[in-house]
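Participant: Sharing the feature lines straight out of TrEMBL:
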- 70, 71, 72, 73, 74, 75, 116, 117: GTP binding site (BINDING)
- 70, 71, 117: Mg(2+) 1 binding site (BINDING)
- 70, 117: Mg(2+) 2 binding site (BINDING)
- 47-176: domain 'tRNAHis guanylyltransferase catalytic' (DOMAIN)
- 179-293: domain 'Thg1 C-terminal' (DOMAIN)
């Protein structure tokens, strides 16, 4: 080290003596030395101009950032893995577990909503995660979700093998007001109801009514919600409103504060005593309820930030 330093041409401040060999070396200005040792690492190259091709994808401030993931070609994935029709509770639970993993990783997500093979993650308006870069947010959510889906597969499907890794595509949408965000989530829950009512009726016709898929499609052409409810009730003795809530309403994930109580042993005047300690922490909670009406939002006002709307 010292032998290297005496060959550097830099401002000499004073002379010091190396105690082990008695060699005279220079004590140099630290800024000059730092510059010398980092120049080779930090040096610009002639190729660095390619960075100028990157586009600015910073999300507009004061807007909710919504990242929505959708399963890629999940009809084929569900068929090859033998998902139950019209709803496979193992698959739905795995989707929710993967979404929880995303929320626990990115605490600025104030609510997530999922149904079928999709999940929407809403970042609070004031979030500055990844400097609000859309590509960073989307890729992080997608990669965390996808890896979690594979990681937790056995927890829900047991020894059934995962034949190939699933794929999820993502998009980023900004919503400037609370009303816009609520309308977005209402749209996704309405979509959940429409799709689930159709699928429940369709697969009842196929699995219980012994129709072919083509015949079931023809039977449902031009029908409205009332017609489908009538088919379920009159032909299969099914009341659609009695179907599981997570099938009809989807799943909403929110942060809730919970109290955790533990006991600890402490010493007081050389005597051990047992004391109770209560700590409050946040955890992700799954709800299966209506989020279109006002009741949900009155019960969870912390989700929305005041915007005067």
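Even glycines carry a Cβ here, placed using N, Cα and C.
Curation plays no part in TrEMBL annotations; they are all automatic predictions.
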Participant: Taking DSSP states H, G and I as helix and E and B as strand, how many residues of the domain 'Thg1 C-terminal' (179-293) are helix, strand and coil?
Facilitator: 56 helix, 35 strand, 24 coil
Participant: Given the binding-site residues 70, 117, which one is most crowded in terms of C-beta atoms within 10 angstroms?
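Facilitator: That would be 117, with the highest Cβ count within 10 Å.
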Participant: With every protein chain in view, what's the tally of Cβ atoms within 10 Å of the Cβ of residue 75 (GTP binding site), excluding that atom itself?
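Facilitator: A 10 Å sphere around the Cβ of residue 75 (GTP binding site) contains 10 other Cβ atoms.
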Participant: Including all protein chains displayed, how many Cβ atoms other than that of residue 74 (GTP binding site) lie within 10 Å of its Cβ?
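Facilitator: Looking across every protein chain shown, the total is 18.
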Participant: Over all shown protein chains, what is the count of other CB atoms within 10 A of the CB belonging to residue 73 (GTP binding site)?
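Facilitator: A count of 11.
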Participant: Determine which residues of the same chain, besides 70, 71, 72, 73, 74, 75, 116, 117, have their CB within 8 A of the center of the CB atoms at the recorded GTP site, and list them by sequence.
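Facilitator: My list of surrounding residues reads 77, 78, 118, 168.
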Participant: For the domain 'tRNAHis guanylyltransferase catalytic' (47-176), give the DSSP counts of helix residues, strand residues and coil residues.
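Facilitator: With helix first, then strand, then coil, the domain 'tRNAHis guanylyltransferase catalytic' (47-176) has 57 helix, 31 strand, 42 coil.
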Participant: Tell me, if you would, which residue among 72, 116 (binding-site residues) has the fewest other CB atoms within 10 Å in the structure shown?
Facilitator: 72
Participant: Near residue 71 (GTP binding site), which residues of its chain come within a Cβ-Cβ distance under 8 Å, counting only those 6 or more away in sequence?
Facilitator: 77, 116, 117, 118, 166, 167, 168
